[in-house]
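Asks: Here it is, the structure, as structure tokens.
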Amino acid sequence: SLFPLSLLFFLAAAYPGVGSALGRRTKRAQSPKGSPLAPSGTSVPFWVRMSPEFVAVQPGKSVQLNCSNSCPQPQNSSLRTPLRQGKTLRGPGWVSYQLLDVRAWSSLAHCLVTCAGKTRWATSRITAYKPPHSVILEPPVLKGRKYTLRCHVTQVFPVGYLVVTLRHGSRVIYSESLERFTGLDLANVTLTYEFAAGPRDFWQPVICHARLNLDGLVVRNSSAPITLMLAWSSAPTALASVSIAALVGILLTVGAAYLCKCLAMKSQA
């Protein structure tokens with residue numbers, strides 16, 4: 001009937017708060033489930049970034065890292081790293097950190113930013129390494145039936161992540177990992193290997209390869225190729241000379257005895 005409807009309009013006109021309350025209830029009833037309004041104390045979403053995320057330097061050098069964030073009013077910003085820290089510069093939305101005397105081959109730096117009670121972080125990896133200054137393969141030296149191969153890798157760091165490989169033609173004849181070395185200074189490495197060469201091994205190049213494996217970063221350097229030449233050793237040559245001289249002496253003795261025998265037979269005739 002029209003009476004309840006007219007009464008509703010009358011109440012809304014006489015008491016404006018009733019109409020607004022009814023409107024709020026209607027909107028609340030129509031709102032989808034699982035999407036309540038966020039309380040006023042919820043943390044503000046923000047991001048944290050480090051630049052650069054990966055940096056490689058020579059041992060003993062310094063590094064500058066920049067930590068930026070999108071927090072309107074950060075409560076705190078700090079850097080956690082085992083490396084020694086230097087000067088820190090700050091600006092709106094960023095902090096610049098200086099790391100001194102980097103010597104560990106791989107280190108992490110974490111930048112932590114707290115915003116509205118929530119902490120986020122970003123990470124940079126710092127690698128200290130020195131690629132081999134040179135890789136030198138000495139000319140092979142023949143001793144008996146084996147060639148002595150000697151390879152020099154100079155001024156390399158870290159030695160513990162160095163792999164030295166000798167390649168003859170298309171095949172690897174020797175490879176050694178130097179992971180037992182844990183020094184924190186530049187070093188020179190010499191690898192010596194004896195190679196028994198067969199007839200098919202001559203006239204093929206020998207190359208020494210140096211490789212640093214740094215958790216995904218691979219640094220390579222190689223020597224100039226040296227061809228394995230056929231050579232005579234002094235000991236076999238001397239032995240052959242003695243054998244030939246002995247054979248000649250035997251032949252001369254036999255020949256002289258035969259000649260004397262022939263002459264004796266002729267004189268008797």
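Each Cβ is built from the backbone N, Cα and C atoms, and glycine gets one as well.
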Asks: Please name the cysteine among CYS115, CYS151, CYS262 that Swiss-Prot pairs with CYS208 through a disulfide bond.
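Replies: Within the candidate set CYS115, CYS151, CYS262, Swiss-Prot assigns the bond with CYS208 to CYS151.
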Asks: Using a 10 Å radius around its CB, how many other CB atoms surround CYS151 (disulfide bond)?
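Replies: Excluding its own Cβ, CYS151 (disulfide bond) sees 23 Cβ atoms within 10 Å.
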Asks: How many other Cβ atoms sit within 10 Å of the Cβ of CYS115 (disulfide bond)?
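Replies: A count of 22.
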